[in-house]
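Please read the structure below before turning to the comments.
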Amino acid sequence: MDNFLNDSKLMEDCKSRQWLLSGESPAISSVMFSAGVLGNLIALALLARRWRGDTGCSAGSRTSISLFHVLVTELVLTDLLGTCLISPVVLASYSRNQTLVALAPESHACTYFAFTMTFFSLATMLMLFAMALERYLSIGYPYFYRRHLSRRGGLAVLPVIYGASLLFCSLPLLNYGEYVQYCPGTWCFIRHGRTAYLQLYATMLLLLIVAVLACNISVILNLIRMHRRSRRSRCGLSGSSLRGPGSRRRGERTSMAEETDHLILLAIMTITFAICSLPFTIFAYMDETSSLKEKWDLRALRFLSVNSIIDPWVFAILRPPVLRLMRSVLCCRTSLRTQEAQQTSCSTQSSASKQTDLCGQL
């Protein structure tokens, strides 16, 4: 009982605190801000170079920018915008030694921070879902994908996602849910326990993560089927004297390699977001009277913020040579087994075809 009263007093003190306690350091926030801005700028520079290469391509040549890369560009822009709009408020709080509640009249800085934090976290997850859905349709329904989806349509995804995130995250401004300040006074978020809005927000993130994982699993299964079909076709054609379809087979292998690269990139981003969202989900579903809740407050926010820092670095690090290396490592054992099985199968088919020819001559 005493612990509950002490936690309640601490929570109330955090909500109304005007000054930061001595010993609070902006080091972690500064490092996160610098890493986020630098990573997003590097990712944007790499994407800009790819866009410039795409505009220089002739009409008959193969373009280098796909719908997937349009969505990646929008994700990086979202992460950069979120970092630049959120982190400076925290750094201003440290520089003035004031909490967010005291930083602006009527707690406007606290409301601004909480709204932008919820908005960009949801927008990021929706962008990852759009990328996963694009991969799912590209592999599972190629005819529908080529007929109805285009790069121009991808440009409309960002305003749609921003509009949906704006509507959902504005509910506390319409008195459903409430934004409050949390310890140590340098961040604000949805109030725990007043309404079910915090749990609703966490549930939406969980559902999006599950949907992204389901799309990725479906893409993996479809890629396995494509690999098996291409293996059979190569085996069937190896015993014949026809060489015409060689360029088509090379195109199929290139397409499969690109799809695998996109899947690796998307899978790592999804796993990163799932890990970064886990502390927040635990915090959202904790009992308000739990003595552990106070320890999870700042930890949950920092984990949620780290995602926008990691995403651009994932894209910047996983360049095509690195993706090819990862693909070769992941597929090494499978490739060895496939080659052995293919050689056995092809030799069997070749001997069978020879026997058929001999029978025809007799």
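In case you wondered, yes, glycine gets a Cβ from its N, Cα and C as well.
The feature topological domain 'Extracellular' is assigned by Swiss-Prot to 1-24 (among others).
Under the heading N-linked glycosylation site, Swiss-Prot lists Asn6, citing sequence analysis as support.
Annotation comment: Swiss-Prot describes 25-48 (among others) as transmembrane segment, evidence class sequence analysis.
What Swiss-Prot lists as topological domain 'Cytoplasmic' is 49-66 (among others), and the listing cites sequence analysis.
Per Swiss-Prot, the feature transmembrane segment maps to 67-92 (among others); the stated evidence is sequence analysis. Beyond its flanks by at least six residues, the transmembrane segment (67-92) meets 26, 29-30, 32-33, 36-37, 40-41, 43-44, 47, 50-51, 100, 103, 109, 112-113, 116-117, 119-120, 123-124, 127-128, 130-131, 134-135, 138, 149-151, 153-155, 157-158, 186-187, 262, 265, 269, 305, 308-309, 311-312, 315 of its own chain at Cβ-Cβ distances under 8 Å.
According to Swiss-Prot, the topological domain 'Extracellular' annotation covers 93-112 (among others). In this model, the topological domain 'Extracellular' (93-112) carries an average pLDDT of 85.
Non-local neighbourhood of Cys188 (disulfide bond): Leu100, Val101, Cys110, Thr111, Phe113, Ala114, Met117, Tyr179, Val180, Gln181, Tyr182, each in the same chain, at least six residues away, with C-beta under 8 Å from its C-beta. According to DSSP, Cys188 (disulfide bond) sits within a strand segment. Among the features that Swiss-Prot reports, disulfide bond is placed at Cys110-Cys188, with the record citing sequence analysis.
Residues 68, 71-72, 74-75, 78-79, 81-82, 85-86, 89-90, 100, 157-158, 161-162, 164-166, 168-170, 172-173, 179-180, 187-190, 201, 204-205, 208-209, 211-212, 215-216, 219, 266, 269-270, 273, 277, 301, 304-305, 307-308, 311 of the same chain lie 6+ residues outside the transmembrane segment (113-133) yet bring a C-beta within less than 8 angstroms of a C-beta in it. Here Swiss-Prot flags 113-133 (among others) as transmembrane segment.
Here Swiss-Prot flags 134-152 (among others) as topological domain 'Cytoplasmic'.
Here Swiss-Prot flags 153-177 (among others) as transmembrane segment, drawing on sequence analysis.
What Swiss-Prot lists as topological domain 'Extracellular' is 178-199 (among others), and the listing cites sequence analysis.
Sequence annotations record features per position, and here Swiss-Prot assigns transmembrane segment to 200-224 (among others).
The feature topological domain 'Cytoplasmic' is assigned by Swiss-Prot to 225-262 (among others).
Summarising the annotation, Swiss-Prot assigns region 'Disordered' to 234-255.
Per Swiss-Prot, compositional bias 'Low complexity' is recorded for 235-245.
As annotated by Swiss-Prot, transmembrane segment applies to 263-286 (among others).
Broken down with DSSP, the topological domain 'Cytoplasmic' (134-152) shows 16 helix, 0 strand, 3 coil. Other C-beta atoms found within 10 angstroms of the C-beta of Cys110 (disulfide bond) number 26, with every protein chain shown included. Under DSSP, the residues of the topological domain 'Extracellular' (93-112) split into helix, strand and coil as follows: 16 helix, 1 strand, 3 coil. For the topological domain 'Extracellular' (93-112), same-chain residues at least 6 beyond its ends with a Cβ under 8 Å from one of its own Cβ atoms are 15-20, 24-26, 29, 173, 179-181, 185-188.
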